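A short write-up of the structure that comes next.
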Amino acid sequence: MTLLRIEALDVFHGASQVLRGLDLAVAGGEILCLMGRNGAGKTSLMRAIMGTLPRRAGRVLLDGTDISALPAHLVPRYGIAHVPQGRRLFAELTVAENLEIGEMVRHAGQRDFALSLFPVLGDRLGQQAGTLSGGEQTMLAIARAICAGPRVMLLDEPTEGLMPSAIATIRSALIRLRAEGVAVLLVEQRAEAVLAMADRVAFIAQGRILAETPAEALRADRALIRRYVGLG
Amino acid sequence: MNLAPYLLLATLEGLVQASVFALTALGLSLVFGVMRVVNVAHGEFFTLGAVGAWLCAMLLPGHPAISFAAALVAAPLAVGALAWAADRLILKRIDYDPEATIVSTIGLMYVIQQVVLMTFGPDARAVDAPFWYTIRFPWFGWSGYKVFIIVVAVALVGGLWLAMRHTRFGLIMRATQYDRETAQNFGIPVDRVYAAVFALGAMFAAVAGVLVVPNSQAHYLMGHDPLLMSFVVVIVGGLGSLPGTVAAAVLIGMADGWLSVFFSPTLAKIFSTLLVALVLVFRPAGLFGKAVRA
């Protein structure tokens, strides 16, 4: 069942249009990977869904409810959580305080679940977030989003610059979220990561979805990735 | 010559100055730290606190402690409400743009100043201290009311620190301070937090104004010096750093007390000016400040 549906979304950065009538849908229990070159509109799409980048036209529907007109701070309360590019942790707050910020959104009582996915964070609850390693910071960013009790999770390049062991932990967590019925929209540049966990892949260029394909097709023919985005 | 009495007097006066500086500058620092707004009208909130104390004294004749206690509650609340309205009607509408907020708070400063002048006139207004008690030292007597100023300042500064560290609202304020967009992504109504912080900052200045008025009288131009000293304190301590603001207030307040007693008040002003210049040259983010995130 489709949880997140984006219809004919137009978004501008000043005078420049970054999303052009973009359509996309993600179902519960599905990982949809969004691939595209730098500047294609991936991050803008995520910010537009969260309402922090103003939408000029189009709609964002969550489980059939139009949330396009909501103020940005109310969007997460409907069950959309965002792990932004670069993690954007509250670096001077502790790990526990970062998780508490996530819990304030819907009081979903997800902290234990989040810590079960990333046990290393449980040992670092009193530590300042900014002093964690890169991999741990990404885990905290995802755990913080999980604490918000999401039905839809947006992740913007979460594995960028991480060690293989951290990537494996994050991949396991996302697969577990999928099993819990969460709709995952994942921006990812690394083909290996995409092929390892995606159910479907959408290719974006110049603010439009060029093509959507089952990940199975890409696993069978990896040349498709090169054809659409030149990534390999 | 026995220096002890002079040293004691200078230290006590320095502590009073430090208390007033800390209260006033904390409001300015809080507003900048969370909202990135340089509030040039901050001194006028101090003035309004003092004028509010005078108004309470006029409206509530009888023992000065009654009107003073009323002022200590009512004046900050009224000033906070005014600041909240100013945030909604002015700062929010210009989207907290750094340059535009400076210009608009200059305008706000002028408007408040002129309204106070037109309403209460140009004369300085005296307000009685809530109680008269002299602490007897071997060499001199010292006003017990000044101890009250120090106690209130310590209580409020400590209370703010505890609230920032141990309450949900404090956590929300700190999260908003670090990253406005991410705070919004976690359901924090940033606009409402800004309005509350602007009001809280103004209330701190108003409390300082109420506390000061029995010593210095209420006057429509009295906000200039506190504004200037608040900027000195937050520049030295580090814009947005609450511990830095308190440390700088103590440093400058004590220096002011010692230099004023042993030399002259002018030398105290020269010292604080020199300190600001040195900090700007060698440590532009302040003694406790960090580089501001874009």
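The backbone N, Cα and C atoms fix where each Cβ goes, glycine too.
The feature transmembrane segment is assigned by TrEMBL to B:20-38 (among others).
For B:45-62 (among others), the entry in TrEMBL reads transmembrane segment.
Here TrEMBL flags B:68-90 (among others) as transmembrane segment.
Distant neighbours of the transmembrane segment (B:102-122): 37-45, 47-48, 51, 54, 86, 90-91, 94, 218, 220-221, 223; these residues of the same chain sit at least 6 beyond its ends, with a Cβ under 8 Å from one of its Cβ atoms. For B:102-122 (among others), the entry in TrEMBL reads transmembrane segment.
Counting only same-chain residues 6+ beyond the ends of the transmembrane segment (B:142-164), those with a CB under 8 A from a CB of the stretch are 9, 12-13, 15-16, 19-20, 22-23, 26, 30, 72, 129-135, 170, 173-174, 204, 207-208, 211-212, 214-215, 242, 246. Look at TrEMBL and you will find B:142-164 (among others) tagged as transmembrane segment.
A Cβ distance under 8 Å defines the sequence-distant neighbours of the transmembrane segment (B:193-215), meaning residues of its chain 6+ beyond its ends; these are 19-20, 23-24, 26-28, 30-31, 34-35, 37, 39, 42-43, 45-54, 68, 71-72, 75-84, 86-88, 91-92, 96, 127-130, 145-146, 148-149, 152-153, 156, 160, 169, 172-173, 176, 183, 222, 226, 230. Among the features that TrEMBL reports, transmembrane segment is placed at B:193-215 (among others).
Residues 17-19, 21-22, 24-30, 32-34, 40, 42-43, 46, 157, 160-161, 164, 177, 205, 272-273, 275-276, 279-280, 285-290, 292 of the same chain sit 6 or more residues outside the transmembrane segment (B:227-252) yet have a Cβ under 8 Å from a Cβ within it. The transmembrane segment annotation in TrEMBL covers B:227-252 (among others).
Marked as transmembrane segment by TrEMBL: B:259-282 (among others).
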Most Cβ pairs under 8 Å with the transmembrane segment (B:45-62), selected from B:20-38, B:68-90, B:259-282: B:68-90
Same-chain residue ranges lying at least 6 outside the transmembrane segment (B:259-282) that approach it to Cβ under 8 Å: 6, 9-10, 13, 229, 232, 235-236, 251-252
